[in-house]
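Before any comments, here is the structure.
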Amino acid sequence: MKILVAMSGGVDSTVTAYKLKNLGHEVIGCYMKLHGKPNYHEENIKKVEKVANFLQIPYHILDLQKDFKNKVYMPFVDTYKEGKTPNPCALCNRFIKLGKLLEFAKSLGCEKLATGHYARLENNLIKTAVDESKDQSYFLASADKEALKYLIFPLGEMKKEDVKKFASTIEVLKSFATQKESSEICFVEDTYVQVLDQFMDTKIPGEVLDSSGKVVGKHEGYMHYTIGKRRGFEVRGAHEPHFVLKINPKQNQIIVGTKEELKISEFKLKNINLFIDAKELDCEVKIRYRSKSTPCKVEIYEDKSAKITLKDPVYGLASGQMAVFYDHDKVIASGFIE
């Protein structure tokens, strides 16, 4: 089978290519240039070239910087401007890795696209990985349903520690096996505010309000805050921790309150991404990557919006983040929180 493998120069994508090549597939590597971070690509491309030569496979360098800027980078900036919390990895997977890269794979005549994600596929549904600590099904849940039939995740059945051990036994991979893992947003050097600083003044002090609308302090600029944050602002006379409950970007205000006030039992989604045919779901939902799943009921409307009612309340629900719905270990829907 002819398979395009997304290669980053890291351990996971390298082991993915190695495994598929050893199974006798016709493997082609592809490195994506997504952003202009200084010295980022040169080093990675050298690694990809080294692996490709070792495996004796061809590889391509695909410049997707324009698409990435339009579909991921600028929406990241704009979402923070709106006082919301973006999820750039979910957008990147849908539009870039499982979108533009899949188009490129098809243009080469490839039957499948393989990535180093920790997830599994079964009956055209994404499943959680065997290694729950590394499971990436949450970020893949933004994928177009039609893309799933072309995808392969060879590492989904492996534990991360076994991938590293496997990598350390192969000569060309030995220098990669001890690499620091990349877990942060790829185009953010230190903090997301540094990205926003390139486009606007983020340090415009504003008012801190309590939930009754009373001014109780000052903050350093609304873009420094996300829902649930409890530091970096002043609350006069507070005797208990206060958390950001809401952000008003037009007024440059943040509304704060107690942890109890952060509790939410119901929320709405727009443009729900369904992987099964349904108008109602009785399932579990994750409201952020590392959160535990919570039992819920989902009502889906004609305009693809949805209302979610939680069995138990959650804390710190952030508009702009992705909610992912599971039936046991299978992803059945996703959508961005309003």
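Count begins at 1; order follows the chain as displayed.
Glycine too: its Cβ is placed from the backbone N, Cα and C atoms.
For reference, Swiss-Prot has these:
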type: BINDING; residues: Ala6, Met7, Ser8, Gly9, Gly10, Val11, Asp12, Ser13, Met32, Gly116; note: ATP binding site
type: DISULFID; residues: Cys92-Cys186; note: disulfide bond
type: ACT_SITE; residues: Cys92; note: active site, nucleophile
type: SITE; residues: His117; note: site 'Interaction with tRNA'
type: ACT_SITE; residues: Cys186; note: active site, cysteine persulfide intermediate
type: SITE; residues: Gln321; note: site 'Interaction with tRNA'
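Taking the features listed in Swiss-Prot, we show where each one sits on the structure.
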| residue | record | Cβ within 10 Å |
| --- | --- | --- |
| Ala6 | ATP binding site | 24 |
| Ser8 | ATP binding site | 18 |
| Gly10 | ATP binding site | 19 |
| Asp12 | ATP binding site | 25 |
| Met32 | ATP binding site | 24 |
| Cys92 | disulfide bond | 26 |
| His117 | site 'Interaction with tRNA' | 27 |
| Cys186 | disulfide bond | 15 |
| Gln321 | site 'Interaction with tRNA' | 22 |
Quick check: of the binding-site residues listed here (Ala6, Ser8, Gly10, Asp12, Met32), which one has the Cα closest to that of His117 (site 'Interaction with tRNA')?
Asp12
Nearest to Gly10 (ATP binding site) by Cα, among Cys92, Cys186, Gln321 (recorded positions)?
Cys186
Helix, strand or coil by DSSP: which one applies to Cys186 (disulfide bond)?
coil
Helix, strand or coil at Gln321 (site 'Interaction with tRNA'), per DSSP?
coil
Site diameter for ATP, Å, by largest Cα distance between Ala6, Met7, Ser8, Gly9, Gly10, Val11, Asp12, Ser13, Met32, Gly116:
16
